Amino acid sequence: MSAAIASLVSYGSDSDSENESESNTSVEKVNPNSMSLAVLNSAPEVAVKEAVETGIHLDPALKEVTYNPTYETMFAPEFGPTNPFKSQQMAAPRNMLSGYAEPAHVNDFMFEQQRRTFSSYGYALDPSVDTHESSSNTYIGAVEEAEKHKGLTVFESGLKKSQKRKKVKGGDAGEIDNYLGPWAKYADEKDVAKPTEDEQKELDEITAKRQKKGRNEEDAPSEEKTILHVKDMYDYQGRSYLHVPQDVGINLRSVDTPDKCYLPKKQIHVWSGHTKVSLRGCIYLSVIYVWSLSVYVLGHSKAVRDICFNNTGTQFLSAAYDRYIKLWDSETGQCISHFTNRKVPYCVKFNPDEDKQNLLVAGMSDKKIVQWDIRTGEVVQEYDRHLGAVNTITFVDENRRFVSTSDDKSLRVWEWDIPVDFKYIAEPSMHSMPAVTLSPNGKWLACQSMDNQILIFGAQNRFRLNKKKVFKGHMVAGYACQVDFSPDMSYVVSGDADGKLNIWDWKTTKLYHRIKAHDKVCISALWHPHETSKVITCGWDGQIKLWD
C-alpha cells in the first residue's frame, strides 16, 4: 500500500530536473500514513496545445494524437481542394438523396387529399404558402383548373350543403333553381327507359338464380321405366327369373364360409354396357342394371350414387343426384315409393334386422343422416353431428350400432335410433374415408383412406385404430375405391387409380398380388362370399370382370 501511494506522489511531481531548477520548488516527502484523500484523487493536468485552440485542424491521415483535442477540432469539416466538377446543385447542402428537405408537419389526411387532387385535377395546395390566403399563388400545377373548380378537392362535392336541393316547407318555390312544382321533374333530371317484357323476364331469372330461389321449389320425380331382357318372366314351372338356382351346389342362405381361399389368377368373364361402374349398385348415370337378372330400370334424372338390396333381395333402394331415394321391386322393376328432403343422398342402407326392414338410413350432402319409414314415407329420425357430407354408413355389433364417415375426416359411431354419437374419432393425421367395409367375422372395419392407405378399426366396443394393420402400396387419392375381405379373412382386396386389383395378406399386411384389371380406375373389388377364389372388379372403362 505504501509503495502504491509513493508512486502516485512521484507521478504528480515533475521528474524533469530542468523544470525543478527553473521553478525553484521542492517537493516535500509525504508520509503515506498521513496523506489526505484529496491528494489521492488529484489527477495531473494535461496541456492542450495552443495551436489546437486557435483552430488548426487535425490531419485525417494522422493515426496517433499525443494530446487531447477539443470536440470542435475532432468534428470539424475536412479541408482540401474544391471539386471543380461539382455543379451548384451538387454542391448545395443535402440531407436526403434528392436534396434538402425542410422540416414540416403535414397531416396524413391533408397530404393524401392533395396528392389525389393533384393526380385527378392537376393542381394542389402549395405547402410553402399560407393556405389561409385565397389567391392563385396558393396552388401549384394547373392553376387555371384550380380557379375553375374553386380549389375543390377529390373529397369535396361541387355544391355545398346550403346550395343542395331541398324540399320546400312553406317557402317560395321560385327561390329554388329548376323547381317546377311538387310533382314536376327537375330540369337536369333524366328519364331511364324501362326494360321490355322480355328483358324484365330475363332480369328476373338472373335475380332468381343469384338468390338461389329455385332450389326450394318442389321438383316432381322423373318417370320410371323398366326394360326386361329375357324372353319370358316365368318359366314352364311358373318360376320367376328371380328363382334361386338349385343345381349350383351352394346354399346361398348358408353362413358357412370356405375353409381356405386362394389368389385369383385369370379373367374368366366380362360384362360391358356401362361407361362408369360401381359394384355398390352397377351404376350408369340414371340407369340401374341387374346383370344376373337381365333387367334394368330407368327412373332417375341424374346419376345414381348408391343402391342397397333388402335381406331377401325382393326390393332395393337407389339414391341419385336428383335428390331422390327410390324403392323398387326387383322382380317387376316398378317404383314402389320415393323419398326426399331436397338434399343429395350420398349413401343409403336398409336396417339389416329382419324386424326393421321397413326402416332405411341415408347419408346426405347437408351433413345429416336421415332415417325414413318406408311404410309411411315420413322422416322418423335425424342424426345431425357431422361437419361435412356423409359418405358411408356401415352397420356393426349385430346391427345395434352403425358407423358413419364424412368429408369432415372423422368417424362416428351411433346407437340405433339415438341421434347423438357415442364415439367420435378424429385425429389431425386422418384423411377422408369414402369407402368402408365390415369384415366377415364382424370384428374389423376396413376404411379406404385418401392418403393411399387402408386403415383397420375395431368394430367392437372401443373402435380403436389397429396400427399394426395398415395396407399400403396402391394409389387411391381422390377415388372412393371399395375394399373387401376374402371369406376366410386371409386376404384384403382393393382397386386403385391405375386400374389394378391389389391383394394383401391379412396377417402380414404384405402386398401379395397385383393384377392389371382395367384400363381406367378400378373403382370396386368384391370377393365372392361363398367361393374360394372368385373376385369381381369394375372400372371406369365400363366393364365388370370376373376373376378366378
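Using N, Cα and C of the backbone, Cβ positions are placed for all residues, glycine too.
Since this is a predicted model, take the numbers as computed values, not measurements.
As recorded in TrEMBL:
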| type | residues | note |
| --- | --- | --- |
| REGION | 1-32 | region 'Disordered' |
| REGION | 190-224 | region 'Disordered' |
| REPEAT | 297-338 | repeat 'WD' |
| REPEAT | 348-382 | repeat 'WD' |
| REPEAT | 383-415 | repeat 'WD' |
| REPEAT | 483-514 | repeat 'WD' |
| REPEAT | 515-548 | repeat 'WD' |
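Mapped onto DSSP classes, the repeat 'WD' (515-548) shows 0 helix, 18 strand, 16 coil. Packing against the repeat 'WD' (383-415) from elsewhere in the chain are residues 346-349, 351-353, 356, 361-371, 421-426, 430-438, 442, 445, 447, 457, 459-460, 463, 480: each is 6 or more residues past its ends and has a CB under 8 Å from a CB in it. Residues in the repeat 'WD' (348-382) partition by DSSP class (helix H, G, I; strand E, B; coil) as 3 helix, 19 strand, 13 coil. Across the repeat 'WD' (383-415), DSSP assigns 0 helix, 19 strand, 14 coil.
Residue counts for the repeat 'WD' (297-338) by DSSP state, with H, G and I taken as helix and E and B as strand, are 0 helix, 23 strand, 19 coil. Sorting the repeat 'WD' (483-514) by DSSP state (H, G, I as helix; E, B as strand; all else coil) yields 0 helix, 18 strand, 14 coil.
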